[in-house]
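Some features that TrEMBL has for this protein:
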{"type": "DOMAIN", "residues": "98-289", "note": "domain 'ABC transmembrane type-1'"}
{"type": "TRANSMEM", "residues": "20-42", "note": "transmembrane segment"}
{"type": "TRANSMEM", "residues": "97-121", "note": "transmembrane segment"}
{"type": "TRANSMEM", "residues": "133-150", "note": "transmembrane segment"}
{"type": "TRANSMEM", "residues": "170-188", "note": "transmembrane segment"}
{"type": "TRANSMEM", "residues": "209-234", "note": "transmembrane segment"}
{"type": "TRANSMEM", "residues": "268-289", "note": "transmembrane segment"}
Amino acid sequence: MKKKAYVKETTFRNMGVFFWLLLVILALYTISMILPMVWGIFTSLKSQNEFRTNVLWIPHGAPWDWQWGNFVYVMNNFYVPISSQTQGLRSVGMGEMLLYTILYAAGGAFINTLVPCVVAYITAKFKYKFSSVIYTVVVVTMVLPVVGNTASELQLVKALGIFDTIPGNWIQKFNFLGMYYLVFYATFRGIPNDFAEAAYVDGAGETHVMVRIIFPLVANIFVTVMLIKFIGFWNDYQTPLLFLPTHPTIAYGVYYLSNSVQQEFNNVPMRMTGCILMVIPILALFLIFKEKLMSNISMGGVKE
């Protein structure tokens, strides 16, 4: 008995050490993620002259004396020059970039969530041979890295006449490949057939069952995936840079700002101001929907 008690006490002691070690590692990791954000906020509230003498510390003076005007200046004066065959050379300001960002991120997120959801429902609920083929294709494309296809995709988009258009970019989002197809697939497989059978008895068709009966059960998952997609597209600058050269988004603008040679923006405080402006909407979105993003996914059901 004493030996068992000693072993049990030693195990708890070792688990306690592991717990505290893990806690310290997570705390250090959290601090390493927060500090750059805090530094960026403070830097955006400095003038260039103050930044030269005060790189790491908070801005001098009272908070109301900090350079809050940096945000107004960037919003009113920063622009991205673009050139097109139809409109020639013109400048795109922050307001227009915000519009393009919302169209690109919201439309792309909705389509790129809806398509895998529909395909996952079809392959999970209907026993066709092609369903297993689709599932296998998704898994294989996730396991095998697909690289070097950007050039061919760019040529295809130009050949189809959808290059440099927002609707054309939405068409590019019509794919079901990726992890979230598997998430929807597993969810639909877990939904009892009682829902569909009851609707079939009442004379409902397949589309009615899918849209009015099954999809509301996975609404939480759909919204969560769409929010994650929206955040990813909001921060994406490479796709607009390649496929939407005359429709710059805010992320594209921040990328341009980081390499800008305009004298008034060629300094760290102004560049940090642009980054913070891009983060503010996403931070607000996270605070509004944090319960949905971080909570457990629940789904209704029927009692056996």
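Each Cβ is built from the backbone N, Cα and C atoms, and glycine gets one as well.
In TrEMBL, annotation is done automatically, which means it is predicted and not curated.
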Remote residues contacting the transmembrane segment (133-150) - C-beta distance under 8 A, at least 6 residues beyond either end: 119, 123, 176-179, 181-182, 185, 242
Result, the transmembrane segment (209-234) in contact with the transmembrane segment (20-42) (3+ CB pairs under 8 Å): no
